[in-house]
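Colleague: Questions regarding the structure given below will be posed in turn.
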Ligand SMILES: O=C([O-])CC(=O)C(=O)O
Ligand SMILES: [Mg+2]
């Protein structure tokens, strides 16, 4: 019997904790802009916690749709600060996470969850402000049979995620920054944040140069009044 599809692997590389901390105050559009806008989840993930922010190392899980045995194992294995990222195939017929699991994860210092699937007991995530993004809710509970895998490459919302990627989530969705590029991307996003803050000031003063809009239209051959 080959074990591919039913494996539990350790997470061996994580981003620097100072980098994770910096990402708590950088919006996801700034991070995805600095990866050429191709790395990030498509629309459809909802934050069930009030603050909507999340950052940490990706502890990845791939489940059989509707089954959460491997998510339970991940909660027992992940380290404080990790984000459990579950590729549950976008399945919405069974919830694979609930309040008992939330409380276990919270107790262990796990930073939060990203679930490409459904959760239940969703009021508890809001009340405890415990970070969790998911595609929806249903009271229909999970099966606990496996198979599934831990710390293998996964995809969530059409975004590839490698174990140990720097995960950042907010009201606009979730982005996974590949570990080897994380420092560079975060620095570039911070420079973009400073540029956008200057733009906001120029808008308030009425001094923002808008000539690029007509120039772009003319270059494309558009007739202007
Ligand atoms: O039964 C489960 O595994 C999910 C659940 O509702 C909980 O954790 O409270
Ligand atoms: Mg429950």
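Glycine too: its Cβ is placed from the backbone N, Cα and C atoms.
All annotation found in TrEMBL is predicted automatically rather than curated by experts.
The substrate binding site annotation in TrEMBL covers 98, 99, 100, 101, 120. The Mg(2+) binding site annotation in TrEMBL covers 121.
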Colleague: Please report the three-state DSSP label of residue 101 (substrate binding site).
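Modeller: For residue 101 (substrate binding site) - judged by DSSP and reduced to three states - the answer is helix.
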Colleague: Per residue, counting other C-beta atoms within 10 angstroms of the C-beta, which of the binding-site residues 99, 100, 101, 120 reaches the highest number?
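Modeller: That would be 101, with the most Cβ atoms nearby.
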Colleague: As a test of the contact definition, list every same-chain residue at least 6 positions from residue 98 (substrate binding site) whose Cβ is closer than 8 Å to its Cβ.
Modeller: 119, 120, 121, 124, 141
Colleague: Let me know how many other Cβ atoms fall within 10 Å of the Cβ of the residue listed as 'Mg(2+) binding site'.
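Modeller: Total other Cβ atoms inside 10 Å, all chains included: 18.
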Colleague: What three-state secondary structure does DSSP assign to residue 121 (Mg(2+) binding site)?
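Modeller: Going by the DSSP assignment, residue 121 (Mg(2+) binding site) belongs to neither helix nor strand, so it counts as coil.
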